[in-house]
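Worksheet: one structure, shown below.
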Amino acid sequence: MSTETASTEDTSGSGLLPAWVGQYLRDHTVHIAVVALFVLYPFAYDFLVGQFGLFAETLLLRPRTMLTVLWLGLFAMSFDFVSGYTGYLSFGHAAFFGIGAYFVVLGYNGQLPLLPAELPFMTLLVLGALVAVVAAVLVGLISFRLSGVYFAMITLGVSEILFVASKNLDFITPGGSDPADGVTPGTPSSVETFNPELGVPFVDALQVELGAFGDTSLLGLDLAPMFSETSPAIVVSYFAIGAVVLLCYLAMQRIIHSPFGRVMIAISENEERARAIGYNTFWFKMGAFAVSAFFGAIAGGLLVGYQGFINPQNSFFFLVTGFALVAAIIGGLKTLAGPLFGYLFLEWVEEFLAREGSGGGLQPFLEQNIPDSILDATISGGLTVSKAMDSFMTGHGEFYAGIIFVLFVLFVPIGLLGTLRLRLGTESVSKHVSRKIAARFGGDK
Amino acid sequence: MTGLTAALDPALAAGVPLSVGEVVDLFTSPTEFASVFVEGLAKASLYLMIASGLTLIFGLMDVINFAHGAFTMYGAYIAGTAVLALGVGSMGLVGSVATFLLILVGVFVLLAVLGVVFEVALIRRLYEYPPIYMILLTFGVSITMEELMRMLVDYYNVNSGREAIDWSIPRDETIPESLDGTFNLLGVSIGGLHPFQILLGILTVAGIWYFLNETRYGLFVRAGVEDDEMARALGININRTFTVVFAIGSGLAGAAGVMLMWSPLWRVNVPLALGVLLPAFVIVIVGGLGSFKGTVVASLLVGMLDALATWAFRVEVVTFTDIDQLLIFAILVVMLILQPRGLFGVEGQGDHG
């Protein structure tokens, strides 16, 4: 539909919108389609689960998990932005995620110098990202003198120091609880409970409150009556956070397709040659690192915005970076959108094969559809089939994720989007397909 | 010595309140000093056992083995299970030590076999790829191995009605009473395990040194580290050498796990894998990638500083619980700032992605 409006605008040039809008929309047909799918997903989920019940629940990701995919996907994209495009493996990238998350919490609780307590969420989110930029510049100053394994290790060292600090510094939790158990915004009793508003600043109608108990209406439209199987608050948060992730993605994509981004790619391919041509690669690497830190911190802040809670294990921990790496490889390193799809795939596998809590997945489906006589049958020595399923199919998603990851490394080393890109023989899948569609329907290409 | 003083700086820079009077006490009381020194040696031995396998594998094969910690964890679990099954804890000192040594050898062999399988089935496919793929592959294997162990322990717990305590085998169920606690030697208080750990650390260094310098395969390994294409051209079967070194490295990882089973700091549990992997990396990097000498020196450095930090915590000069972990990564960062290639690193090793 976008292409049709675009082509009419394009020929006249003096229509409602300037000509570049049409060009822009035409270039981004695939992006628009993907965004549309993401927008439709909660509605589709609700409809299908209502229609097919357990069967649909088994196969589809819950909207709550899709939320996780959004912020973790943004984090993995920011990781890919520096690690994929410049070739410098930022192994301590979780540091920026953690900085973003902890800044929101500590800033809200009024524990940071110069900041009054209970600032709006948006302010804290952006300030936290700027702090991450400063941190990235400091880390970059010492670590970009090194390369390869040494670079990876020094960034890892910094993030581990932050991890240990976040587990032990008592000032994080003024209430006296163990900082290793995490902290919530609003911890000292004088601080109001956390109401994170995300949206366009100063425009009330364009802001929503995040969280499982947040707003249920979006842009004045009450979503509550439309959803029977999903909590409408989750869907509203999903749209709001999704919009931020989309903006961040477009910003990063813009940078990568700019001359600056070309130099980043040149650095990953042959840094010495890039330097010989006359680019000061040090500052280009610093720039890329700072940008990726900014978006990594935004991802961390979004996590806190929705969950209203953060602990060291989910922020500064080494495996947070580790799984961003896994997602980036599965989706395709050096493809910006790839890591998001990588996470989508990964989370689907984990939810399907390893149920967490009361979530969907294969196990409840099997339990309902396999007759009791088989479930209670013993395999050996007191072990029944249902007990075996309990120990192998509950909460062990990392096992399956690990196997899939190894298979990807061995057989699809360039990832999902990377393979697609290679097949199409293009640098950007989105642009390529968009042009193909435009040529087909617009007829002027 | 400059390295040591430099590495002490981060502890000060991190805002750890060291009071000068207490530190002077340490250096004026010979018994206190000796006991910290022995503890430092014991810790250094443990660190050395963890890191030596990693350094051997990296030096020859340029493989950063992220599954190393998982191998250590498997070693610890196998040993812990064997000790429980055989009831070593109730044997006397001689009997328990003899059984323990048997278990140590057994675990070494088992893990070496696992290493061979791993190398032949997976690692070998990726020699032609950029080195980052080796990190990815071993990382993936590591995640899978850790979660597999969680599953097995879960399964065991479900079936034996045992409470899942952090998926761990508690230390007090496996350690012989005679080795638990401390004893006095000339007024110096020494942990019962320390002499044992130091002895095994020395044996490890001697064994690896002997392997590298006195055996035929050691010669191949040194040739391969120097220039693997040239070694290949001279008719050395480098691929088989890779397999042997990987087996030895994995075996050493497992043996380290057996030692960690009794260490009050580590215990047998799944998080052990990551808990061991990261310090091992730090030691390998601080010592210089691929240099065995560097690894030995770095282990001593880290072990001593760790003992010092633990002591500082014990006498409450420092009130930061995980001071040892903080210290290790501070050493890494400071070392990389001062000496980017580590203590004995070689130009060009590990620079590429």
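Cβ from N, Cα, C; glycine included.
Feature annotation from TrEMBL assigns transmembrane segment to A:30-55, A:67-85, A:91-109, A:121-142, A:233-252, A:282-304, A:316-346, A:399-420.
The largest share of C-beta pairs under 8 angstroms with the transmembrane segment (A:30-55) comes from A:233-252, of the ranges A:91-109, A:121-142, A:233-252, A:316-346. For the transmembrane segment (A:91-109), the partner stretch with the highest count of Cβ pairs under 8 angstroms, out of A:121-142, A:233-252, A:282-304, A:316-346, A:399-420, is A:282-304.
The recorded stretches the transmembrane segment (A:233-252) and the transmembrane segment (A:282-304) share 3+ CB pairs below 8 A when only pairs 6 or more apart in sequence are counted, and are therefore in contact. Beyond the transmembrane segment (A:121-142), the same-chain residues lying 6 or more positions past its ends with a Cβ under 8 Å from any Cβ of the stretch are 92, 95-96, 99-104, 107-108, 115, 154-155, 158, 194-199, 201, 210, 285-286, 289-290, 292-298, 300-302, 305. Within the chain carrying the transmembrane segment (A:282-304), a Cβ under 8 angstroms from the stretch's Cβ atoms is held by residues 70-72, 74-75, 77-79, 81-82, 85-86, 88, 90, 93, 96-105, 121, 124-125, 128-133, 135-137, 139-141, 144, 185, 196, 198, 241, 244-245, 248, 251-252, 255, 260, 263-264, 267, 274, 310, 314-315, all 6 or more beyond its ends. Proximity of distant same-chain residues to the transmembrane segment (A:316-346), defined by a Cβ-Cβ separation under 8 Å and at least 6 residues beyond the stretch ends, is recorded for 34, 61, 69, 72-77, 79-81, 83-85, 90-95, 97-98, 156, 159-160, 162-163, 166, 245, 249, 252-253, 256, 265, 268, 401, 404-405, 408-409, 413-421, 429-430.
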